[in-house]
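To start, the structure under review is shown below, and the notes come after it.
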Amino acid sequence: MLIKRPDDILPSEITPQDLYLDRRRFLLLGAAGAAGLALSGNAFAALAAKKSLLSTGERMNTLKEITGYNNFYEFGTDKGDPAEYSGQFKPRPWAVTVDGDVLKPRTFSIEQLMKLAPLEERIYRLRCVEGWSMVIPWIGFPLSALLKQVEPTGKAKYVAFQSVLRPSEMPGQRDDVLAWPYREGLRLDEAMHPLAILAVGLYGNVLPNQNGAPIRLIVPWKYGFKGIKSIVRITLTDKQPPTSWNLANAHEYGFYSNVNPEVDHPRWSQATERRIGDFFKRKTLMFNGYADQVAGLYRGMDLRKNF
Ligand SMILES: Nc1nc2c(c(=O)[nH]1)N[C@H]1C(S)=C(S)[C@@H](COP(=O)(O)O)O[C@H]1N2
Ligand SMILES: [Mo]
(Lines of atoms letter the chains of each structure in order from A and count residues from 1; the text may use other names and numbers.)
(Lines give C-alpha, C1' and ligand atoms only; values in the text may rest on other atoms or scores of the structure.)
(Ligands and ions follow the chains in the order given, each with its own letter.)
Protein backbone atom coordinates (compact mmCIF):
# COMPACT_ATOMS: atom_id res chain seq x y z
CA MET A 1 0.00 0.00 0.00
CA LEU A 2 1.28 3.44 -0.89
CA ILE A 3 1.13 5.83 2.01
CA LYS A 4 1.71 9.45 1.07
CA ARG A 5 3.64 11.63 3.47
CA PRO A 6 1.87 14.92 4.22
CA ASP A 7 4.22 16.97 2.07
CA ASP A 8 3.53 14.68 -0.90
CA ILE A 9 -0.14 15.63 -0.82
CA LEU A 10 -1.14 18.40 -3.18
CA PRO A 11 -3.70 20.84 -1.76
CA SER A 12 -5.89 20.05 -4.75
CA GLU A 13 -6.05 16.40 -3.67
CA ILE A 14 -7.53 17.22 -0.30
CA THR A 15 -11.30 17.29 -0.01
CA PRO A 16 -13.19 18.47 3.07
CA GLN A 17 -14.36 14.93 3.61
CA ASP A 18 -10.79 13.59 3.69
CA LEU A 19 -10.01 16.16 6.33
CA TYR A 20 -13.06 15.36 8.28
CA LEU A 21 -12.37 11.65 8.27
CA ASP A 22 -8.66 11.99 9.01
CA ARG A 23 -7.94 14.59 11.64
CA ARG A 24 -4.42 13.28 12.13
CA ARG A 25 -3.39 14.12 8.61
CA PHE A 26 -4.85 17.61 9.07
CA LEU A 27 -2.61 18.12 12.08
CA LEU A 28 0.42 16.71 10.26
CA LEU A 29 -0.06 19.21 7.46
CA GLY A 30 1.10 21.90 9.86
CA ALA A 31 1.01 25.65 9.44
CA ALA A 32 1.60 25.82 5.68
CA GLY A 33 -1.06 23.26 4.95
CA ALA A 34 -3.51 24.88 7.32
CA ALA A 35 -3.01 28.26 5.64
CA GLY A 36 -3.77 26.72 2.26
CA LEU A 37 -6.90 25.14 3.68
CA ALA A 38 -8.07 28.43 5.17
CA LEU A 39 -7.78 29.90 1.69
CA SER A 40 -9.96 27.14 0.33
CA GLY A 41 -12.52 28.01 3.00
CA ASN A 42 -11.93 25.17 5.43
CA ALA A 43 -12.79 27.32 8.39
CA PHE A 44 -14.44 24.98 10.82
CA ALA A 45 -12.55 21.70 10.62
CA ALA A 46 -11.80 21.74 14.35
CA LEU A 47 -15.46 21.98 15.36
CA ALA A 48 -16.09 18.34 14.50
CA ALA A 49 -14.15 17.24 17.56
CA LYS A 50 -16.83 18.73 19.81
CA LYS A 51 -19.72 16.27 19.62
CA SER A 52 -23.14 17.73 20.26
CA LEU A 53 -25.61 15.61 22.23
CA LEU A 54 -28.19 16.68 19.67
CA SER A 55 -26.36 14.82 16.88
CA THR A 56 -27.34 11.40 15.55
CA GLY A 57 -24.73 8.63 15.62
CA GLU A 58 -25.96 7.18 12.32
CA ARG A 59 -23.64 6.72 9.34
CA MET A 60 -23.16 10.04 7.60
CA ASN A 61 -23.75 10.43 3.89
CA THR A 62 -20.67 11.19 1.85
CA LEU A 63 -19.76 14.71 0.78
CA LYS A 64 -20.36 13.57 -2.80
CA GLU A 65 -23.91 12.47 -2.00
CA ILE A 66 -24.66 15.61 0.00
CA THR A 67 -23.38 17.98 -2.70
CA GLY A 68 -24.45 16.02 -5.78
CA TYR A 69 -28.08 15.16 -5.04
CA ASN A 70 -29.92 18.36 -4.17
CA ASN A 71 -33.20 20.18 -4.27
CA PHE A 72 -32.62 23.86 -5.00
CA TYR A 73 -35.13 24.85 -7.66
CA GLU A 74 -33.48 28.24 -8.16
CA PHE A 75 -30.85 26.26 -10.08
CA GLY A 76 -33.18 23.77 -11.78
CA THR A 77 -35.47 20.92 -10.82
CA ASP A 78 -33.19 17.92 -11.46
CA LYS A 79 -31.15 16.57 -8.56
CA GLY A 80 -27.89 17.28 -10.40
CA ASP A 81 -28.82 20.83 -11.50
CA PRO A 82 -27.80 22.67 -8.30
CA ALA A 83 -24.27 21.22 -8.45
CA GLU A 84 -24.04 21.90 -12.18
CA TYR A 85 -25.52 25.41 -12.37
CA SER A 86 -24.65 27.12 -9.05
CA GLY A 87 -21.00 27.84 -9.90
CA GLN A 88 -21.68 31.48 -10.85
CA PHE A 89 -23.65 32.22 -7.70
CA LYS A 90 -21.91 34.70 -5.35
CA PRO A 91 -22.59 33.94 -1.68
CA ARG A 92 -20.36 36.79 -0.51
CA PRO A 93 -20.79 39.64 0.33
CA TRP A 94 -24.07 38.74 2.02
CA ALA A 95 -26.49 40.27 4.51
CA VAL A 96 -29.64 39.07 6.27
CA THR A 97 -32.26 41.59 7.40
CA VAL A 98 -34.31 40.67 10.48
CA ASP A 99 -37.41 42.84 10.92
CA GLY A 100 -41.15 42.90 11.63
CA ASP A 101 -42.53 42.57 15.16
CA VAL A 102 -39.20 43.10 16.91
CA LEU A 103 -37.82 45.87 19.13
CA LYS A 104 -34.44 45.97 17.39
CA PRO A 105 -34.70 45.34 13.63
CA ARG A 106 -31.26 44.96 12.13
CA THR A 107 -29.29 43.87 9.09
CA PHE A 108 -26.49 41.42 9.84
CA SER A 109 -23.55 40.71 7.57
CA ILE A 110 -22.65 37.05 7.12
CA GLU A 111 -19.50 37.70 9.15
CA GLN A 112 -21.58 39.08 12.04
CA LEU A 113 -23.96 36.14 11.85
CA MET A 114 -21.11 33.65 12.07
CA LYS A 115 -19.91 35.30 15.28
CA LEU A 116 -23.31 35.63 16.94
CA ALA A 117 -23.06 32.35 18.85
CA PRO A 118 -20.49 29.56 19.06
CA LEU A 119 -20.62 27.47 15.89
CA GLU A 120 -21.37 23.81 16.48
CA GLU A 121 -21.46 20.67 14.42
CA ARG A 122 -24.91 19.04 14.33
CA ILE A 123 -25.27 15.72 12.56
CA TYR A 124 -28.93 15.60 11.57
CA ARG A 125 -31.18 13.39 9.50
CA LEU A 126 -32.76 15.25 6.55
CA ARG A 127 -36.00 13.65 5.30
CA CYS A 128 -37.30 14.89 1.95
CA VAL A 129 -41.05 14.57 1.36
CA GLU A 130 -40.15 12.79 -1.91
CA GLY A 131 -39.19 9.72 0.14
CA TRP A 132 -35.39 9.89 0.48
CA SER A 133 -33.20 10.90 3.38
CA MET A 134 -29.60 11.73 4.24
CA VAL A 135 -27.47 12.23 7.34
CA ILE A 136 -25.55 15.50 7.13
CA PRO A 137 -22.91 17.01 9.45
CA TRP A 138 -23.99 20.67 9.49
CA ILE A 139 -22.03 23.53 11.01
CA GLY A 140 -24.27 26.20 12.46
CA PHE A 141 -25.80 27.92 15.44
CA PRO A 142 -29.27 27.97 17.03
CA LEU A 143 -31.81 30.13 15.20
CA SER A 144 -32.91 31.27 18.67
CA ALA A 145 -29.58 33.08 19.14
CA LEU A 146 -30.38 35.36 16.18
CA LEU A 147 -34.02 35.93 17.19
CA LYS A 148 -32.99 36.91 20.73
CA GLN A 149 -30.73 39.63 19.27
CA VAL A 150 -33.67 41.47 17.70
CA GLU A 151 -36.03 41.04 20.69
CA PRO A 152 -39.39 39.84 19.32
CA THR A 153 -42.37 41.81 20.66
CA GLY A 154 -45.42 40.23 22.31
CA LYS A 155 -47.18 40.45 18.93
CA ALA A 156 -44.74 38.11 17.18
CA LYS A 157 -46.21 34.60 16.73
CA TYR A 158 -44.55 33.44 13.48
CA VAL A 159 -41.24 33.76 11.68
CA ALA A 160 -41.19 34.24 7.89
CA PHE A 161 -38.07 33.46 5.86
CA GLN A 162 -37.15 34.62 2.34
CA SER A 163 -34.45 33.35 -0.03
CA VAL A 164 -32.49 35.59 -2.33
CA LEU A 165 -34.04 36.71 -5.64
CA ARG A 166 -31.25 36.85 -8.20
CA PRO A 167 -32.32 35.47 -11.59
CA SER A 168 -29.05 36.67 -13.16
CA GLU A 169 -27.18 34.05 -11.10
CA MET A 170 -30.02 31.56 -10.58
CA PRO A 171 -31.21 30.18 -13.91
CA GLY A 172 -34.14 28.34 -12.30
CA GLN A 173 -35.68 31.68 -11.28
CA ARG A 174 -36.25 32.46 -14.96
CA ASP A 175 -39.03 29.82 -14.89
CA ASP A 176 -42.22 30.05 -12.83
CA VAL A 177 -41.91 26.59 -11.24
CA LEU A 178 -42.36 28.24 -7.81
CA ALA A 179 -43.38 31.71 -6.60
CA TRP A 180 -40.01 33.46 -6.24
CA PRO A 181 -38.40 34.31 -3.95
CA TYR A 182 -38.67 30.97 -2.12
CA ARG A 183 -40.50 31.52 1.19
CA GLU A 184 -40.86 29.47 4.32
CA GLY A 185 -42.22 29.94 7.83
CA LEU A 186 -42.28 28.59 11.36
CA ARG A 187 -44.31 29.25 14.45
CA LEU A 188 -42.19 31.32 16.88
CA ASP A 189 -41.98 28.51 19.45
CA GLU A 190 -40.76 26.10 16.73
CA ALA A 191 -38.17 28.65 15.65
CA MET A 192 -36.94 29.04 19.24
CA HIS A 193 -36.50 25.26 19.70
CA PRO A 194 -32.84 24.34 20.30
CA LEU A 195 -32.85 21.78 17.44
CA ALA A 196 -33.61 24.49 14.85
CA ILE A 197 -30.37 25.90 13.47
CA LEU A 198 -29.05 28.26 10.84
CA ALA A 199 -26.34 26.33 8.99
CA VAL A 200 -23.32 28.09 7.51
CA GLY A 201 -21.29 24.99 6.70
CA LEU A 202 -21.14 21.23 6.36
CA TYR A 203 -18.38 18.63 6.68
CA GLY A 204 -16.13 21.21 8.33
CA ASN A 205 -16.31 23.62 5.42
CA VAL A 206 -18.39 26.63 4.40
CA LEU A 207 -21.70 25.72 2.72
CA PRO A 208 -21.35 24.74 -0.95
CA ASN A 209 -23.59 26.89 -3.17
CA GLN A 210 -25.87 23.95 -3.97
CA ASN A 211 -26.59 23.38 -0.26
CA GLY A 212 -27.78 26.95 0.36
CA ALA A 213 -24.73 29.17 0.74
CA PRO A 214 -24.02 31.20 2.68
CA ILE A 215 -26.77 30.55 5.26
CA ARG A 216 -29.81 28.28 5.35
CA LEU A 217 -32.35 26.93 7.82
CA ILE A 218 -32.36 23.38 9.20
CA VAL A 219 -35.41 22.11 11.12
CA PRO A 220 -34.64 18.39 11.42
CA TRP A 221 -38.09 17.20 12.54
CA LYS A 222 -39.75 18.70 9.45
CA TYR A 223 -39.59 17.75 5.77
CA GLY A 224 -36.53 19.02 3.94
CA PHE A 225 -38.35 21.77 2.07
CA LYS A 226 -38.81 23.75 5.30
CA GLY A 227 -35.01 24.15 5.26
CA ILE A 228 -34.95 27.32 3.16
CA LYS A 229 -31.61 28.11 1.48
CA SER A 230 -29.66 31.32 0.84
CA ILE A 231 -31.73 33.41 3.28
CA VAL A 232 -31.79 37.22 2.94
CA ARG A 233 -34.75 38.20 5.12
CA ILE A 234 -36.36 36.97 8.34
CA THR A 235 -39.57 38.72 9.41
CA LEU A 236 -41.43 38.24 12.69
CA THR A 237 -45.22 38.48 12.23
CA ASP A 238 -48.50 37.96 14.03
CA LYS A 239 -49.99 36.01 11.10
CA GLN A 240 -49.03 32.62 9.66
CA PRO A 241 -46.86 33.57 6.66
CA PRO A 242 -47.37 32.23 3.12
CA THR A 243 -44.85 29.59 2.00
CA SER A 244 -43.75 28.75 -1.56
CA TRP A 245 -44.80 25.11 -1.48
CA ASN A 246 -48.16 25.84 0.14
CA LEU A 247 -48.82 28.52 -2.49
CA ALA A 248 -47.86 26.03 -5.23
CA ASN A 249 -50.15 23.27 -3.91
CA ALA A 250 -52.02 23.79 -0.64
CA HIS A 251 -53.54 20.32 -0.90
CA GLU A 252 -50.09 18.66 -0.85
CA TYR A 253 -47.99 20.96 1.35
CA GLY A 254 -49.25 22.30 4.65
CA PHE A 255 -47.66 24.91 6.87
CA TYR A 256 -46.38 22.51 9.53
CA SER A 257 -44.86 19.78 7.34
CA ASN A 258 -43.67 17.75 10.30
CA VAL A 259 -42.25 14.38 9.32
CA ASN A 260 -45.12 12.01 10.06
CA PRO A 261 -45.17 8.39 8.81
CA GLU A 262 -48.89 8.19 9.59
CA VAL A 263 -49.98 11.00 7.27
CA ASP A 264 -49.25 10.35 3.59
CA HIS A 265 -48.58 12.98 0.97
CA PRO A 266 -51.33 12.64 -1.69
CA ARG A 267 -48.80 11.21 -4.17
CA TRP A 268 -46.25 9.48 -1.94
CA SER A 269 -46.47 7.28 1.15
CA GLN A 270 -44.52 8.77 4.04
CA ALA A 271 -44.31 5.47 5.98
CA THR A 272 -40.87 4.54 4.63
CA GLU A 273 -37.85 6.26 3.13
CA ARG A 274 -34.68 5.36 1.25
CA ARG A 275 -31.49 6.65 2.80
CA ILE A 276 -29.32 7.82 -0.11
CA GLY A 277 -26.65 5.13 -0.55
CA ASP A 278 -28.80 2.34 0.90
CA PHE A 279 -30.54 -0.33 -1.14
CA PHE A 280 -33.36 -1.21 1.24
CA LYS A 281 -35.95 1.20 2.52
CA ARG A 282 -36.30 1.91 6.21
CA LYS A 283 -39.25 2.98 8.34
CA THR A 284 -39.75 6.71 8.71
CA LEU A 285 -39.79 7.78 12.35
CA MET A 286 -42.32 10.16 13.90
CA PHE A 287 -40.93 13.71 13.76
CA ASN A 288 -37.98 12.18 11.86
CA GLY A 289 -36.77 10.55 15.09
CA TYR A 290 -36.86 13.76 17.13
CA ALA A 291 -40.23 13.08 18.83
CA ASP A 292 -38.81 13.06 22.36
CA GLN A 293 -37.58 16.61 21.87
CA VAL A 294 -40.40 18.19 19.81
CA ALA A 295 -43.70 16.32 20.30
CA GLY A 296 -44.58 18.76 23.10
CA LEU A 297 -44.79 21.62 20.59
CA TYR A 298 -47.87 19.97 19.05
CA ARG A 299 -49.68 18.58 22.09
CA GLY A 300 -53.42 18.66 21.54
CA MET A 301 -53.14 19.44 17.79
CA ASP A 302 -54.74 17.26 15.12
CA LEU A 303 -51.67 16.42 13.02
CA ARG A 304 -53.84 15.12 10.18
CA LYS A 305 -55.48 18.52 9.80
CA ASN A 306 -52.31 20.46 10.57
CA PHE A 307 -50.06 18.56 8.12
N1 LIG B 1 -34.43 28.34 -1.57
C2 LIG B 1 -34.66 27.02 -1.61
N3 LIG B 1 -34.53 26.30 -0.48
C4 LIG B 1 -34.76 24.95 -0.50
C5 LIG B 1 -35.19 24.31 -1.68
C6 LIG B 1 -35.33 25.10 -2.86
O7 LIG B 1 -35.70 24.62 -3.96
N8 LIG B 1 -35.05 26.44 -2.79
N9 LIG B 1 -35.46 22.93 -1.67
C10 LIG B 1 -35.81 22.35 -0.35
C11 LIG B 1 -35.91 20.89 -0.36
S12 LIG B 1 -37.25 20.21 -1.13
C13 LIG B 1 -35.01 20.08 0.31
S14 LIG B 1 -35.25 18.41 0.42
C15 LIG B 1 -33.78 20.66 0.90
C16 LIG B 1 -32.56 19.95 0.33
O17 LIG B 1 -31.38 20.40 0.94
P18 LIG B 1 -29.98 19.84 0.42
O19 LIG B 1 -29.96 19.97 -1.08
O20 LIG B 1 -28.93 20.68 1.09
O21 LIG B 1 -29.90 18.39 0.86
O22 LIG B 1 -33.64 22.06 0.65
C23 LIG B 1 -34.85 22.81 0.74
N24 LIG B 1 -34.58 24.22 0.65
MO1 LIG C 1 -37.47 17.98 -0.35
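Keep in mind that glycine also has a Cβ here, set from the backbone N, Cα and C atoms.
The transmembrane segment feature in TrEMBL is assigned to 26-49.
Feature annotation from TrEMBL assigns Mo-molybdopterin binding site to Asn70, Tyr73, Glu74, Cys128, Ser163, Asn211, Arg216, Gly227, Ile228, Lys229. Secondary structure from DSSP puts Asn70 (Mo-molybdopterin binding site) in coil.
According to TrEMBL, the domain 'Oxidoreductase molybdopterin-binding' annotation covers 89-245.
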Count of other CB atoms lying within 10 Å of the CB belonging to Ser163 (Mo-molybdopterin binding site): 26
Protein Cβ atoms within 10 Å of Arg216 (Mo-molybdopterin binding site), excluding its own: 23
Where the C-beta lies under 6 angstroms from ligand 1, the matching binding-site residues among Asn70, Arg216, Ile228: Asn70, Ile228
In the chain carrying Asn70 (Mo-molybdopterin binding site), residues 6 or more apart in sequence that have Cβ under 8 angstroms from it: Lys79, Asp81, Pro82, Ala83, Gln210, Asn211
Number of other Cβ atoms within 10 Å of the Cβ of Glu74 (Mo-molybdopterin binding site) across all protein chains: 28
